[in-house]
């Protein structure tokens with residue numbers, strides 16, 4: 001954790017909000033950036049008065065959704081073969097990419113907001129949204145709403161934890177992430193079942 005603070009804290013100290021935007025943009029595009037740790041750390045900096053909550057939230061959020069939007073259009077315009085070919089030399093990245101493909105096939109569009117809470121998966125859901133030609137409006141609603149919730153949650157967590165963020169981070173964040181993810185999955189399943197029931201009822205009505 002000390003290495004993380006020295007490395008990323010140095011960027012933020014030197015470049016401020018510009019550093020946060022860049023880190024989240026490149027992190028969500030696919031580069032190895034520990035986004036959740038960075039969000040909590042940013043919240044801690046807010047609690048210390050080094051940053052302010054609203055601009056911190058906005059730059060982290062805008063960096064994330066800018067990357068998600070760019071990834072969507074890359075997937076939409078260039079397709080699966082192009083992305084897969086360039087990831088194959090990177091064993092770990094390619095393995096996560098294929099895992100995300102399975103995840104997207106299973107959950108469809110709901111993989112986009114759920115994926116924010118899964119490191120590795122979140123970097124590729126937008127690509128698959130574009131590859132599968134999901135309507136941009138649908139993608140934007142899910143990606144932008146999910147991104148706002150994810151960003152606000154972890155920045156707020158860092159703000160609440162304050163000086164103790166580093167000590168409790170490993171345990172608290174993992175547990176919080178798991179419970180939030182489970183709750184999110186339950187909500188998605190309820191909505192999905194409700195929509196299926198409504199469609200069946202609508203389909204069963206006689207034509208007037």
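Each Cβ is built from the backbone N, Cα and C atoms, and glycine gets one as well.
Here TrEMBL flags 33-158 as domain 'VTT'.
Feature annotation from TrEMBL assigns transmembrane segment to 12-33 (among others). Outside the transmembrane segment (12-33) by six or more residues, the chain places 42, 45, 51, 55-56, 59-60, 62-64, 66-68, 70-71, 93, 122-124, 126 with a CB less than 8 A from a CB of the stretch.
Among the features that TrEMBL reports, transmembrane segment is placed at 53-76 (among others).
Among residues of the same chain six or more beyond the transmembrane segment (141-161), those with a C-beta under 8 A of the stretch's C-beta atoms are 36, 39-47, 53, 56-57, 60-61, 64-65, 68-69, 72, 109-110, 112-117, 126, 129, 168-169, 172-173, 176, 180. As annotated by TrEMBL, transmembrane segment applies to 141-161 (among others).
Under the heading transmembrane segment, TrEMBL lists 176-194 (among others).
Residues 17-18, 20-30, 35, 38-39, 42-43, 45-46, 83, 123-124, 126-131, 133, 136, 139-140, 143-144, 147-148, 150-152, 155, 159 of the same chain lie 6+ residues outside the transmembrane segment (53-76) yet bring a C-beta within less than 8 angstroms of a C-beta in it. Counted with DSSP, the domain 'VTT' (33-158) comes out as 104 helix, 0 strand, 22 coil.
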